[in-house]
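Asker: Quick one: the structure is below, questions incoming.
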Amino acid sequence: MGRRKLVVGNWKMNGMREHLGEVEAIGRVAAAHPSVEVGLCLPATLIMAGSERRGAAFIGAQNCHMDISGAYTGSLSAEMLAEAGATWVITGHSERREARGETNADIAAKSAAAHQAGLNVILCVGETLAVRDAGRAEQVVADQLLASLPEGAAADWLAVAYEPIWAIGTGRIPTMEAVAAMHAALRAALASRIGAEADRMRILYGGSMNGDNAADLLAIADVDGGLVGGASLSAKKFAPIIEAADQQMAAAA
Ligand code: 13P
């Protein structure tokens, strides 16, 4: 099917100017592995400086407002982020859905606004442990995806990230079988909405991905990359994940 692996770091609320050297180092790792699309979603304060030192990695933001401008103290529009140098943005991260009360409708609107401003989008979905334990994960996450998918979603500007909430920052990950089943369920859900375009859309895994588990996760047929938190904060930890993706691309070629 030829989906290019997409490996993206999410620095969350981490990163000061002194860490720009890591951006540069990760940009060099990206340049050494051109088969993989590599990016870093930085705190907004580092987007401008980071985009000057990004090498072959793209720079993304972690959130945007759904409106172009207005009386929204403390918020940033997609257009502002694009002007600062971002080319991608994360929408619907569970840390915003849960703690900031973002709804599926908000996330669809933010994703559409991002596209309007020329940004690519990583739309996040994922279940709580209670939902997983109740055996409802696939249904709940597929419903969440369809409810937050913007109108006209297409693979050339939108990727999905499946991030089980209980796997984020915990060192725990689902079994490979569970990841495979979820990604297949999400692709089927996408196909029900966007037809054949679903085959081109990348579905990333996120949640405690690291250099030790990346090769196994990225070998799963419907896992098209990763959204990586902690292990993306340094080139040393992030490089093995990019290398694992590169090896999968070589194996598929
Ligand atoms: P960790 O890789 O630190 O678990 O974070 C995952 C994540 O939330 C990426 O968006």
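For all residues, glycine too, the Cβ spot is worked out from N, Cα and C.
Note: TrEMBL annotation is automatic and uncurated.
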Asker: Based on TrEMBL, name the residue from G39, G50, G55, G169 that is recorded for the same substrate site as N10, W11, K12, S208, G229, G230.
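Answerer: So the substrate site in TrEMBL includes N10, W11, K12, S208, G229, G230 plus, from the candidates G39, G50, G55, G169, G169.
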Asker: So among N10, H93, G230, all listed as recorded positions, which is physically nearest to E163 (active site, proton acceptor)? Use the C-alpha atoms.
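Answerer: For E163 (active site, proton acceptor), the closest Cα among N10, H93, G230 is found at H93.
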Asker: For N10 (substrate binding site), what is the secondary structure state per DSSP, taken as helix, strand or coil?
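Answerer: It is in a strand.
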Asker: For the substrate site made of N10, W11, K12, G169, S208, G229, G230, how many Å separate the two farthest Cα atoms?
Answerer: 14
Asker: Determine, to the nearest whole angstrom, how far the Cα atom of G169 (substrate binding site) is from the Cα atom of H93 (active site, electrophile).
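Answerer: Just about 13 Å between their Cα atoms.
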Asker: For the substrate site (N10, W11, K12, G169, S208, G229, G230), what does the 8 A shell look like? I mean other same-chain residues with CB within 8 A of the CB centroid.
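Answerer: Apart from the listed residues, the neighbours are I168, V228, A231, S232, L233.
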